[in-house]
Each structure stands twice: as C-alpha cells, then as structure tokens.
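Shown next, in structure tokens, is the structure this report addresses.
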Amino acid sequence: MSSDETVLADLGYRQEFKRDFSRFELFGLSFSIMGIVQSIASILFYSIPYGGPVSMVWGWLAGSVFIICIALAISELGSSAPTSGGLYYWTFMYSSPRYRKFLSWLIGYVNTIGYIAGVAAVDYSCAVAILTAATLGSDGTYEPTTAQIYGVFCALLASHALLASLATKVIARLQIVYVLLNIAVFFAIVIAIPAATPVELKNDAKYAFGHFENLSGYPDGFAFFMSFLAPLWTIGGFDTPVHISEEAKNARTAVPFAIMSATTLGCILGFVVNICLVLNMGTDLVSIIASPIGQPMATSRDQGHDCLLGVHNHDLVYGGNGPPSRQAFAFSRDGALPLSAFLYKMNSYTGTPANCVCVCAIIAAMLGLLSFAGSAAIGAIFTMGIACQYICYCTPVVARFLGGQSFTPGPFNLGRASGPVASVASVFMIFMIVVLFFPTTPGPVAQDMNYSSVVVGGTIILASMYYFVSGQFWFTGPVTTVQDECAEKRTSVGTSSQGSK
C-alpha cells in the first residue's frame, strides 16, 4: 500500500481512482479552471462601474490579499485530510458532535449544487461570447436569440462532460497543454491590446492608477468593496485540487502546492491584465459598459475578434466539469445523494465516475433554462456559484477553530499564523457573501434585482428540509469503505480456497 493509499485509508476510504496527476498537473487543473483572461473579460461589467481604473487595479490587488488568505486556510485543511469529499468531510471532522451530521449534509449539498451552478455559469458565458464573436464577424447583422445561445451552451456542456469522463491519465496530461494555452492567451492579450488601441484611447499612468469614477449609485466606499467581486469571480475554485486529491500523487503536498501556486499566479496575472486594460481603454467608461454586444473588452471589430478568439480557450478545452463530478461521487459514496447507488460507480473502461459527470451536466443544462426567464434569472446562477462556494469554504475553516475537535496538521502548516489567517479569511468571506446578494445598483426595478439570495436560500432550505424529513434517520456522515474492501478480499480468498478443494 502506497503512502497516499495509507493516508486515504486513515480517512476511511479505499483507493478507487488511479493516481495519475502530478503536482504540476494538479496546479494546471486549478489554474486553467480560473481562466484568468476569459473571466476578466466576462466580469468587466462588475469592475468598471464600481470606481473605474482605481477599483480595477487597486480593488483587484486588495481583494487578492484576502483571497490568498482563503487559499492558505483551505491549503492547510487539504494538506491534513486530502479526500475528494473535501469541504463537507472537513466540516464533519471538525464540527461539534451535536451539529456535525447536519452541517456536513448541508455543506455537501451546497457545495455540489454550487459547483454545478459554476459549470453552468462558465459555459453559458462562453456560449454568449462565441455568438458575440459571430455578431462581430457579421458587422452586427446577426443577433443571436436566447434559444441559439442555449443550444450552444448545451453543446459546450456535452463536450466538457465528454472530456471530464476521460481516463485520469488523459485528463492529467491535458493540463500541460491547458496551462500553455492560458499563458499564451495572457501574453497575446497584453501584447495585442496595446498594439491595437488607437492613440486617442491610451491613458497615462495618473489616470490609470489614480482616477476613481463611481457609476454604480452606491457610496464610493461601498462601491470600492463591490469591486472585490471581480477577483472573487475570477480567482475561485480553491477546492478544485482537493476534489481531485484522490487522483493525485503525494496528495498531502500536491494539493496545497496546487492551491497556492494557482491562486497566487492567478492574482498576479489578473493584476497585469487589469493594468493593461486601464492603460488602453480610453476615459469614456459609460460607453464601454454600454457596449451593444455585451462585451466591454470587445469595443472594436478587430480587437474584439482577437480577444474573443483567444480568451475562451479555457472554456473550450475543459469547462470545469471534473471537480463537481468528483464532489458528487464522494457525496454519493457516503450515501447522501438521491440515486447514490447509481452515482457511486466507476466506468470500467476509463476508471472515472462517468455517471456523476453526466448527471452534473444534465442539472447544469436545467439551470441554464433560467435564461429564458430573463437576464436577471440567469444572472442569479452566476452569483449562486460563488456564494455557495464561499459558504462552503467558510464553514470548515471556522469549525476547525470553534468545533472543539483536534486538528492534525499536514506537511503544509502555517503554525501560529493559522489562527490569524483563518480569522481574516473567515471575516472576509462572511462579508463578501452578504455583498454578493446586493443588486448591481441601489433601488433596482424587478429586472435589475439580484435573485441569487433566492436561489441560494432555496438550496439551503430544500437541503435542510430533506435532512430533517429523511436524512437525519440514516445519514451518519462520511462512511468507511476500507472495511468493505477487506471483506471483499476475504470473500475472494475464501472462494478461491473452496475452488482449489
């Protein structure tokens, strides 16, 4: 039994995945899912109005400091107990015995639904951008319908589900290609934008780093805090390496390395991209955010083509369907999901949970149907993914220090700094969860409302109802599968002995 298998057995689980992810490939998965350039292009509507250049540059930098604190706290937990269940497993492990079953159940459901919502949001934004490129190519004569966007969205979901169902070794090796593509896109953008920007739209350093222009209607101070949403939406998925930890070699060191390196690099590259943008976007912020094609980063035909053909490489090659399927697999392994017996199965050919991948894609497609209810409805799915993840990150981090349970640190350990870092991370997450539920402008009408509080609250209420009506009578928390494997081996040996007689 390898050291990784021993660690997993100590956590109660037998080895079922093939461990083909190296440390760099695990980093590549986490970094590629962020899709720095694509994400920034998609969230400019949420950074430009809340302070303009100052918020784009300094708001990003300030938000990045807090985000790195979150990554540090999650890395410690991932190094201590690297299992695909991740957040809900840690919640059970460190919470008070009085509440651990319910909290573990709740975090498991919120994490699963939140990740699926994230997949839906990423693929839907990619579908919009692809058809926006078509609009640019037709000089504005083609305008996609909601049905056409949804069709492209479903096609992307299907392609990404297929990729996420491939053998672990194939997925792992592809990460090298994805990292190179993302880095290439980054350099292409920071070179192409200055080269393609007319002289009259170039800004000096004083404007880029010192001009604050609040178009949101909120007070200036709160608007600056709202600009933190840009790095929040971009630098996410801290637990991605955790959900793939049972497929990684030397998981106790590979997981924190992947989390910290991807997060830090993402923050740095995002900072550079924002500086590039504020130096080359002109001063008419109202016109930029009023872009008729819905993409502020594509304000001219040529520049738009260059950007949109490059920034979506990330979405086209993976789309993030892997981590939610592993989370669903782990949660069904513990018997918490409906149809757990169906979901807790490995494909005999690829050695991956193909059933979970397909179900996650189907649920994401169902969430995408909200696009037919209007932009406010589909916008709630975008915010839902981040809000759910932050609720799930915060709970085990807080439980570790307040749950009264012992913590055995892994190779990655902050020592005495653990408490202060976790405190800063927790306060920031709680504050930003509240901010995420605010509408984009004060005094909104119905079509401008932020309905994410409704969908997140509905998820929590439904999961809680399911627990108290049914789950509390049979859900015991993370189960032990190591004994099952031993029993299977004993049965196999007994059968072989009888056959020899």
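Sequential numbering from 1, following the chain as shown.
Cβ atoms here come from the backbone N, Cα and C positions, even for glycine.
Taken straight from TrEMBL:
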TRANSMEM  26-48  transmembrane segment
TRANSMEM  60-90  transmembrane segment
TRANSMEM  102-135  transmembrane segment
TRANSMEM  147-164  transmembrane segment
TRANSMEM  176-196  transmembrane segment
TRANSMEM  222-242  transmembrane segment
TRANSMEM  254-281  transmembrane segment
TRANSMEM  352-370  transmembrane segment
TRANSMEM  377-399  transmembrane segment
TRANSMEM  419-438  transmembrane segment
TRANSMEM  450-469  transmembrane segment
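The transmembrane segment (176-196) shares the most Cβ pairs under 8 Å with 254-281, out of the stretches 222-242, 254-281, 352-370, 377-399, 450-469. Under 8 Å from some Cβ of the transmembrane segment (60-90) lie the Cβ atoms of residues 7-8, 11, 13, 17, 47, 104-105, 107-108, 111, 227-228, 230-232, 235, 238-239, 241-246, 248, 251-253, 255-256, 259-260, 263-264, 267, 270-271, 274, 326-327, 329-331, 333-334, 392-393, 395-397, 399-400, 407-414, 418, 421-422, 424-426, 428-429, 478, all in the same chain and six or more residues away from its ends. Residues 26-27, 29-30, 33-34, 36, 39-40, 42-44, 46-47, 49-51, 54-56, 59-60, 62-64, 66-67, 70-71, 74, 77-78, 82-84, 86-87, 111, 118, 214, 216, 248, 254-255, 258-259, 262-263, 266-267, 270, 320, 323, 382, 385-386, 389-390, 392-393, 431-432, 435-436, 438 of the same chain lie 6+ residues outside the transmembrane segment (222-242) yet bring a C-beta within less than 8 angstroms of a C-beta in it.
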